[in-house]
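Trainee: Here you go, one structure.
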Amino acid sequence: MATHAEEIVLVNTNILNVNMSNVTKLTSTNYLMWSRQVHALFDGYELAGFLDGSTPMPPATIGTDAVPRVNPDYTRWRRQDKLIYSAILGAISMSVQPAVSRATTAAQIWETLRKIYANPSYGHVTQLRFITRFDQLALLGKPMDHDEQVERVLENLPDDYKPVIDQIAAKDTPPSLTEIHERLINRESKLLALNSAEVVPITANVVTHRNTNTNRNQNNRGDNRNYNNNNNRSNSWQPSSSGSRSDNRQPKPYLGRCQICSVQGHSAKRCPQLHQFQSTTNQQQSTSPFTPWQPRANLAVNSPYNANNWLLDSGATHHITSDFNNLSFHQPYTGGDDVMIADGSTIPITHTGSASLPTSSRSLDLNKVLYVPNIHKNLISVYRLCNTNRVSVEFFPASFQVKDLNTGVPLLQGKTKDELYEWPIASSQAVSMFASPCSKATHSSWHSRLGHPSLAILNSVISNHSLPVLNPSHKLLSCSDCFINKSHKVPFSNSTITSSKPLEYIYSDVWSSPILSIDNYRYYVIFVDHFTRYTWLYPLKQKSQVKDTFIIFKSLVENRFQTRIGTLYSDNGGEFVVLRDYLSQHGISHFTSPPHTPEHNGLSERKHRHIVEMGLTLLSHASVPKTYWPYAFSVAVYLINRLPTPLLQLQSPFQKLFGQPPNYEKLKVFGCACYPWLRPYNRHKLEDKSKQCAFMGYSLTQSAYLCLHIPTGRLYTSRHVQFDERCFPFSTTNFGVSTSQEQRSDSAPNWPSHTTLPTTPLVLPAPPCLGPHLDTSPRPPSSPSPLCTTQVSSSNLPSSSISSPSSSEPTAPSHNGPQPTAQPHQTQNSNSNSPILNNPNPNSPSPNSPNQNSPLPQSPISSPHIPTPSTSISEPNSPSSSSTSTPPLPPVLPAPPIIQVNAQAPVNTHSMATRAKDGIRKPNQKYSYATSLAANSEPRTAIQAMKDDRWRQAMGSEINAQIGNHTWDLVPPPPPSVTIVGCRWIFTKKFNSDGSLNRYKARLVAKGYNQRPGLDYAETFSPVIKSTSIRIVLGVAVDRSWPIRQLDVNNAFLQGTLTDEVYMSQPPGFVDKDRPDYVCRLRKAIYGLKQAPRAWYVELRTYLLTVGFVNSISDTSLFVLQRGRSIIYMLVYVDDILITGNDTVLLKHTLDALSQRFSVKEHEDLHYFLGIEAKRVPQGLHLSQRRYTLDLLARTNMLTAKPVATPMATSPKLTLHSGTKLPDPTEYRGIVGSLQYLAFTRPDLSYAVNRLSQYMHMPTDDHWNALKRVLRYLAGTPDHGIFLKKGNTLSLHAYSDADWAGDTDDYVSTNGYIVYLGHHPISWSSKKQKGVVRSSTEAEYRSVANTSSELQWICSLLTELGIQLSHPPVIYCDNVGATYLCANPVFHSRMKHIALDYHFIRNQVQSGALRVVHVSTHDQLADTLTKPLSRVAFQNFSRKIGVIKVPPSCGGVLRI
């Protein structure tokens, strides 16, 4: 007879991978179309049965033998179903995928979607009914406003949908009908789930149910039966029907023992002692009817109780224990069920947990064990034992046997005891079954040892590894350190990338620390293996070290695991971009996340969060200063690699990678007190054999611990260490501020700096016997070996534990990279040339002086102590000078020396906890960039600046440049009639595009506002390139793949020679002591002078013309060099220069010539120019002002403002006198001015800026609110900009539009245009016309005239650039009348007042230099430059204009 498994045959025996790339993604509105498309596709592959269930799942096993065989049809069915499951998920949008998160098969997904979207539910009917009505009104010419549509939909909803109504009403702008429909569907699904939910409590230990109307045999033991995880016998109890059953058979006599009175011959239900429970039972059944799902168990006999005795129960569905110590992992029971015993009474369940049973070869796990205090036997559910551990149990009359289900090898054999099957436990195993024989620790101690993991992970480790726990009945107390340091946002969804072996996918990212570490580390880079989740961490001092670090990492892991790295996944940071050539040469794929989208690299981001949270918790728990974060983070990664994770089925990454469990017994609490054996380091026999140190981590190249001696800063690596995990040395030490360069303070700490971290990865273990290890531990001066084989006695420290790291766990392999040398650090000598930097007591010893016998290097930076500044500035002495020439002022030292800490320096000893004691600063707010944070830290005067050696060095560099350029001569003061211009210092911190600090800059500027025109200066001019010229040249360079170099001329204004006689006072802080009344007669221009920009331009222009450049007529700041077919473009914006060209040799020659003539700082490529971030990708160049936008938002406290979709609201319209006048318009004017500069890369802001600029003379609160809306729009789009696409066609066209009488104050029209060179937006404008016009045609006509003027100028510029257009420019206008006027020679009296515009355009059109073409209003891109638009229209036009967030990642086309 054929079995059921043989009857089910798959229709298609081939495994097919369905291509669903052409299937439209499922949304909440297109289910019917989507389902037909998907069903037809799978029907074509003959796989539709997997969707509708007609192809059922075959049985997992087949055969009638004792050991079943795997069913090949089941394996084939499961593989095909998973492929279909994945394909369907890929065809579902992200908003719909949560609805099918519980489905495990393709058929379940299909049925779930059908129930949600195919039923004629209230949400679907409501949507269709209202959308149909709205469409009918629109067809009748009476369209309903969107706000009214939303109101009509919401007012017809029942009370069950009130939460949705409240959420929509709380929004500033009403959502779309599609979004409302999605919310109604979600709410409807929740209501259906609440109405149809069935509560099914757990079942446990089904043994008996007392019922006088049944003859069921209650003895479930003693038969010779086989049980394994494949039997189909139901273990659930089925209640008997009410009433008596008719059974004519003679009942057999009962041969077992009663479970109540222990007398043989009758069962428990016929026991005489049972009658005393009858009344109680009947009363309980009448008030609380019995449910078949209630947990039940046998009533234990009154035999001697042994908590370690376990009985096998073939009818039980849950394990039960009455001894809490049997549970290694436990948690309170939250269900509402009790265990019912044979007499009908119930026993409460208080906890659930896990346990394990030992066998000859492996332990068997008992999961979901119920802790019932009042039961007297421990019961093992045979069903759960077999299914959990993949074993089978064979019962015999006097014994039983447990076998491995896969191999059939016997694991354990037991005998019956008192006619019960009792699990055999030897006396020596009775204690070790559930607890370790070593010393026990509390849950809190294990929580600290393991790096403060979550409660689930902690319990999993304790359970699976049988760790010794003291007082297991106590719950884990709340950990304040975890609450403080592990607060986080809601996680993102998991990635769909799968891997099948180690190193197939390596995820990497760089983390930046706001605090410079004690070893001068600012960053760390991680490499995470996707398959095992194993993590490697390398500390970095600069991001540029990532490439070399990856090369070392690649060699290390590929050699260790004998496999190659397949794919590196990272972000688009410059530190990873430079790896592309190396990766391609070695056959490694490089996947990158889209710019500013860290969620796509979620594995690395989550790993960062895990590492940082655990590291900060370790620091906080041990009161360790945050400057030690590399040590804490390395320990955190060390522990993370050894902690089980649900992603690996509660395996640890270490075990997944190396195939063996980690050793947890060597773990100690980070930062606790430790006492290493230091006898080999002593100079004489009377020195202490040990010192109190702080435990800082685990050695990865040796089987040893890292111990930091805080007073001396020495880091010992020792195997023989005693630990006191209750004491933390850092918590009892008073610290000053951090010794990092970024956090110096006037108060000096009383503790020295420490050793640097090794350059090896901090978390790389590997199995032993891989070759010789490099020893980096400190070694004694005379001893040949730092380790001693004699065990240290711990008798004198009863409260401490002596520990030695186990050698059973793999250690790190040797590292081929550089290792730290064991040489003492040589302290820098202080220079006494500067009076400010002199040590007040140079002969006194410094407490930071390194120990000459120290085997470890000291920190290269000692703690600075800056003396208290005086009220006057100490001036450097000037050397003697001749009468004809003034010698240069003495420069400030370029590298200020390190000042040693005075031994008697005051130390903060008060008890108040401050951030300064921990060496930290207040955390930055969201998007808080360095410029906004450092705005108040920039000195205002020279007196303030001279207190800081960094500003003092910057001032010295500026003075050196002035002296080297011979900018002035020191002369006696001129007659009183001659103006003496003052001067002052301007201090600025220069930042990179990512907000990181670049350098400190001090600029000496003249007070040019004191100059008088005609006397002190004649003409002024500043070389400023037009923004349109910049965009045109960059577009041409990108299209032709030319290199673009960025130059910065150092002290550019100092290059210009003055023709006027100008006198300036001596620089503050650098006054000649011998001639303090002298003044500086300027020879060269200096910043701040009215004529300085013009003098610099004349100097630069003269030089460029001599070397062959031609000055452009259209833009005087543009220079063109052409030699044969080679051409070079140079754009000048004051002292910033862009240069590009088609000949790299000529380009390099030009750059070298400029560097020889001027002091030029050259950048490798364009990246940050005039506050514009330029990101070049293979598809083109993206220009944005992200950092400038964020700085503006930070300055106005709008970083956390709620974003809006449009910069201006469509209603109400702004008027001149609406609202209340602002008392102080300064801030309003400043923000509008900033927005004007921001419009350089944001044409979507042009109209808003133009509109708000009209009220700068008298702004009101209405205008201020409109300005704040623009800032809110920027808060949601800080990284938007224009994209110059490669492969562009150089055709010129423009869109022109006008808003006729749009200003209700004076009824003047607003015209706007946007000009394109191919797909590149190169010029745009939004401004009011000069006067009132009488028709829309006239307004549009004047706008076309203005646009044609701009096109004519652009054509002239293109001609000078050597670019010839193949077709005349085209202007697109949406006004038919204006288009006809341009094309037809018509003129009459009504057009007299626009005759000039008419003749100008007519000549352009008739000569063929211009064409005017009509375009539909829906395609008029300039519409967004003349009036506020709705959200949908604005976003549509912004996208068409070319304002995007990031450049296309895979060659996407920018559609216009």
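Glycine is treated like the rest: Cβ placed from N, Cα and C.
As the structure is a computational prediction, the values presented were derived from the model and not from experiment.
From Swiss-Prot, here are the annotated features:
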- 205-252: region 'Disordered' (REGION)
- 210-245: compositional bias 'Low complexity' (COMPBIAS)
- 257-273: zinc finger (ZN_FING)
- 276-291: compositional bias 'Low complexity' (COMPBIAS)
- 276-295: region 'Disordered' (REGION)
- Asp313: active site, for protease activity (ACT_SITE)
- 498-661: domain 'Integrase catalytic' (DOMAIN)
- Asp509, Asp571: Mg(2+) binding site (BINDING)
- 738-754: compositional bias 'Polar residues' (COMPBIAS)
- 738-896: region 'Disordered' (REGION)
- 793-814: compositional bias 'Low complexity' (COMPBIAS)
- 816-827: compositional bias 'Polar residues' (COMPBIAS)
- 828-841: compositional bias 'Low complexity' (COMPBIAS)
- 849-886: compositional bias 'Low complexity' (COMPBIAS)
- 887-896: compositional bias 'Pro residues' (COMPBIAS)
- 965-1208: domain 'Reverse transcriptase Ty1/copia-type' (DOMAIN)
Trainee: Least buried of the binding-site residues Asp509, Asp571, going by other Cβ atoms within 10 Å?
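Mentor: Looking at the binding-site residues Asp509, Asp571, the Cβ with the fewest others within 10 Å is that of Asp571.
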Trainee: Mean pLDDT for the zinc finger (257-273), rounded to an integer?
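Mentor: Here the mean pLDDT over the zinc finger (257-273) amounts to 61.
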Trainee: Taking the Cβ of the residue listed as 'active site, for protease activity' as the centre, how many other Cβ atoms fall within a 10 Å radius?
Mentor: 27
Trainee: Quick check for the class: what is the C-alpha distance, in angstrom and rounded, between Asp509 (Mg(2+) binding site) and Asp313 (active site, for protease activity)?
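Mentor: Cα of Asp509 (Mg(2+) binding site) to Cα of Asp313 (active site, for protease activity) measures 53 Å after rounding.
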Trainee: May I ask for the distance between Asp313 (active site, for protease activity) and Asp571 (Mg(2+) binding site), taken between their Cα atoms and rounded to an integer number of Å?
Mentor: 56
Trainee: Once the DSSP letters are reduced so that anything not helix or strand counts as coil, what is Asp509 (Mg(2+) binding site)?
Mentor: strand
Trainee: According to DSSP, which kind of secondary structure is Asp313 (active site, for protease activity) found in, if we only use helix, strand and coil?
Mentor: strand
